[in-house]
């Protein structure tokens, strides 16, 4: 199990510095690949459409996932509901490259997340703080992402989650070794992972930004805050010129410390996706509150 998990973590490392794009069909997957995406996330509806439709959001149709797998050579990810291990079994049977146990879909289990150690395929999970990230890693997640607020086009929650994780890592790192057991209890995280953070000053897996990234500047902001890469959901294919915006976000993610390049790629991108002020969201509309 440990060898498999190490392999999965190494596989996830190969995505570092890249952009992963949500796509709903083979044509969009081809556009994403051509723009330089390191992977695509196959799903029937992007988060902004899931918000509008309401109801229960589930795993995508296997036929649609297979069509996208056939269309591109880059890795293909797909989402499952929190706790829905059978949806994960189905995706593994489809030879999916990565599974996202996602709060964007309607949770299937309000008590347990999936035991990811029972799968060969690597998992990515969302987290809004260090305790949540370490709990998911202890369950077998090979990659973490901020939760943000998907489908809003508003990066504020992704920024909040990244800053929270960074600040909590600093707290653990600066603590004395004697304090670590108390901190592990406070964060609801395993002691061995708290010890890793204390000794290394980082998560044991890569951490991507997700939720609300809509512009090249948003992507660069998250990279400058310390993310290892970015997920872009509705921000590309809900804009007026998806191909151009996709290329621009990829370039801004690569050259995130060069304002000149970010300025150049931000010119004449057309209209960004329709956005939502996160402060207007309440209750079940706040996807980041799903999971624990």
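Glycine too: its Cβ is placed from the backbone N, Cα and C atoms.
DSSP classifies residue 233 (D-ribose 5-phosphate binding site) as coil under the three-state reduction. Per Swiss-Prot, the feature D-ribose 5-phosphate binding site maps to 22, 151, 212, 233, 234.
The active site, schiff-base intermediate with D-ribose 5-phosphate annotation in Swiss-Prot covers 79 and rests on sequence analysis. Take the CB of residue 79 (active site, schiff-base intermediate with D-ribose 5-phosphate) and look out to 10 A: across all protein chains shown you find 25 other CB atoms.
There are 13 other Cβ atoms within 10 Å of the Cβ belonging to residue 163 (D-glyceraldehyde 3-phosphate binding site). Residues or ranges marked as D-glyceraldehyde 3-phosphate binding site by Swiss-Prot: 163.
Look at residue 22 (D-ribose 5-phosphate binding site): DSSP puts it in a strand.
When other Cβ atoms within 10 Å of the Cβ of residue 22 (D-ribose 5-phosphate binding site) are tallied across all protein chains shown, the result is 28. Cα to Cα, residue 212 (D-ribose 5-phosphate binding site) and residue 79 (active site, schiff-base intermediate with D-ribose 5-phosphate) are separated by 17 Å.
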